[in-house]
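Below is one structure, written out as structure tokens; the observations come after it.
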Amino acid sequence: MALQVAESELHSFLSDEKSKMNEVPQNIQKRTKIVEKDEVAHLNSIDYFDPFLERNLEHSTTNGETLTHLLKASLGTGILAMPLAFQCSGLITGIFATVFVSFVCTYCSYLLVKCAHTLYRRTKVSSMSYADIAEVAFANGPEWSQKFSSLTRQSILWLLFVTYFGTCSVYTVIIASNFHQLFTYHMGYELNLRYFIAILLIPLILLSYVPNLKYLAPVSMIANLLMAAGLSITFYYMLCDVPSISKRPTVGSFEAFPTFFCITVFAMEAIGVVMPLENNMKTPRHFLGVFGVLNVGMGGVTIVYILLGFFGYLKYGEATESSITLNLPTEDVAAQVAKICISLAVFCTYGLQFFVCLEITWTKIQENFEKATIYHNYILRTVLVTMSVIIAVAVPTIGPFIGLIGAFCFSLLGIVMPVVIEFATYWENTTVWMTVRNAVLITIGIIALIFGTTSSVTDIITAYEPYATQAVKSSINSTLTNSTAQ
């Protein structure tokens with residue numbers, strides 16, 4: 001029973017509920033259904049097709065199970081960076097800003113699901129993925145959008161790939177950072193963090209060789225238990241000997257605020273799993289609503305993130321690390337246990353994030369190469385894992401890296417695209433309020449994209465500028481030495 005629940009949970013995290021990883025190789029081409037304008041008006045006037053009654057799910061999820069999955073999707077490793085986010089925003093500003101980010105993320109998720117429910121009836125389809133919704137909305141939208149329907153679908157798939165692939169690299173850095181700290185404490189000397197990242201290559205490749213989600217289910221169960229144990233110990237340390245609030249700034253600097261926004265968006269955004277969760281619900285109508293699964297889940301997530309960010313920064317102040325586990329006292333056995341638990345939990349969760357990247361890439365390969373075999377599939381797994389580790393070795397800086405993914409990918413996927421999809425879905429019934437509201441949301445998304453990406457790239461450059469300068473000086477000195485010798 002436990003394995004069935006875990007397997008169902010893993011399916012909820014895939015970008016498309018019809019996973020092709022259990023049928024290798026396979027080549028399936030999807031077709032977009034275009035509905036005529038007069039038929040759209042007819043379908044909007046009568047509810048003759050109920051998509052939710054047409055769903056034939058063997059293992060549908062209840063409201064409570066869906067809520068659990070949503071909490072797991074939102075309470076990922078990004079939560080470990082929330083104290084750093086509050087360091088950038090200040091204690092009080094961080095609270096209100098986190099609520100604002102949560103509202104924007106939740107509302108855009110609501111728009112996506114609302115459009116899906118409308119398109120279900122228009123096209124007589126009982127479920128769709130994120131990419132499906134975008135393609136169908138554009139194909140049946142205004143004339144200018146119809147020519148971009150296929151391009152929009154592919155863009156969303158690749159943005160999802162970049163998001164989850166970048167997350168895999170971040171996970172690698174988090175795992176290596178914790179073990180690096182423990183190694184330094186126990187061995188008495190320090191090695192470069194990149195060595196620990198590189199050592200993870202073989203274990204991660206072996207983890208990626210798990211053939212399908214069924215065999216990955218026990219790994220996911222272990223990850224849940226380890227993360228719960230690690231976070232419990234972390235909260236214990238944060239709540240011991242908490243200093244006065246007056247010792248921390250209530251408002252952060254304007255220059256650092258984009259970093260706060262990017263980290264928070266990365267941590268809270270769950271747009272990639274919203275539709276798979278809705279597609280697997282027994283009562284999909286309960287996903288929305290004032291007290292629906294989406295609002296209740298994101299409300300709970302917001303509270304947890306505020307508590308961890310607030311007390312984490314209050315406890316450690318300017319010494320706050322990019323991952324809160326790095327602030328725990330390494331000499332304490334309990335802290336060492338917490339770091340090991342969270343590191344192993346992140347390692348186990350890597351497989352789940354990796355499967356999303358694998359499915360998107362493998363599906364694309366199957367569409368273009370009919371002779372793709374299971375051997376090519378495992379070669380692809382090896383290449384993808386190796387690339388994610390190489391990126392982590394090149395940029396082993398968690399904070400800016402998290403911010404870069406949050407700024408670029410989640411600003412587009414989580415804010416801009418749901419708004420554009422809503423416009424394409426209801427373009428014939430657009431109101432002044434809808435236009436103004438969507439313009440504001442798109443502006444927020446673009447500002448987050450530009451300033452967040454710029455800030456993250458600047459932070460990465462700043463972090464590695466001393467090493468680059470030293471390398472240039474060494475090169476010049478070496479050249480001068482060789483010239484003198486000649």
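Placed from the backbone N, Cα and C atoms, the Cβ positions cover glycine too.
In TrEMBL, annotation is done automatically, which means it is predicted and not curated.
Listed in TrEMBL:
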- 60-456: domain 'Amino acid transporter transmembrane' (DOMAIN)
- 91-113: transmembrane segment (TRANSMEM)
- 156-179: transmembrane segment (TRANSMEM)
- 191-210: transmembrane segment (TRANSMEM)
- 215-237: transmembrane segment (TRANSMEM)
- 257-275: transmembrane segment (TRANSMEM)
- 287-313: transmembrane segment (TRANSMEM)
- 333-358: transmembrane segment (TRANSMEM)
- 378-395: transmembrane segment (TRANSMEM)
- 401-427: transmembrane segment (TRANSMEM)
- 439-464: transmembrane segment (TRANSMEM)
Going through 156-179, 215-237, 257-275, 287-313 one by one, which has the most CB pairs that fall under 8 Å from the transmembrane segment (439-464)?
257-275
Counting a contact as 3 or more Cβ pairs under 8 Å, with residues at least 6 apart in sequence, do the transmembrane segment (287-313) and the transmembrane segment (91-113) touch?
yes
Under 8 Å Cβ-Cβ from the transmembrane segment (91-113), and at least six residues away from its ends along the same chain, one finds 85, 130, 133, 245, 248-252, 257, 260-261, 264-265, 268-271, 274-275, 278, 287-288, 294-295, 298-299, 301-302, 305-306, 309-310, 313-314, 414-415, 418-419, 421-422, 441, 444
Among 156-179, 215-237, 333-358, 378-395, which stretch has the most Cβ pairs under 8 Å to the transmembrane segment (401-427)?
156-179
Quick tally over 191-210, 215-237, 257-275, 378-395 of CB pairs under 8 Å to the transmembrane segment (156-179) gives the top stretch as 378-395
To the transmembrane segment (378-395), which of 191-210, 215-237, 257-275, 333-358 is linked by the most Cβ pairs under 8 Å?
191-210
Against the transmembrane segment (333-358), which of these stretches has the most C-beta pairs under 8 Å: 191-210, 215-237, 257-275?
215-237
Who are the long-range neighbours of the transmembrane segment (215-237) in its own chain, taking Cβ under 8 Å and residues 6 or more past its ends?
2-3, 6-7, 9-10, 72, 79, 207, 308, 311, 315, 324-325, 328-329, 334-335, 337-339, 341-342, 344-346, 348-349, 351-352, 355
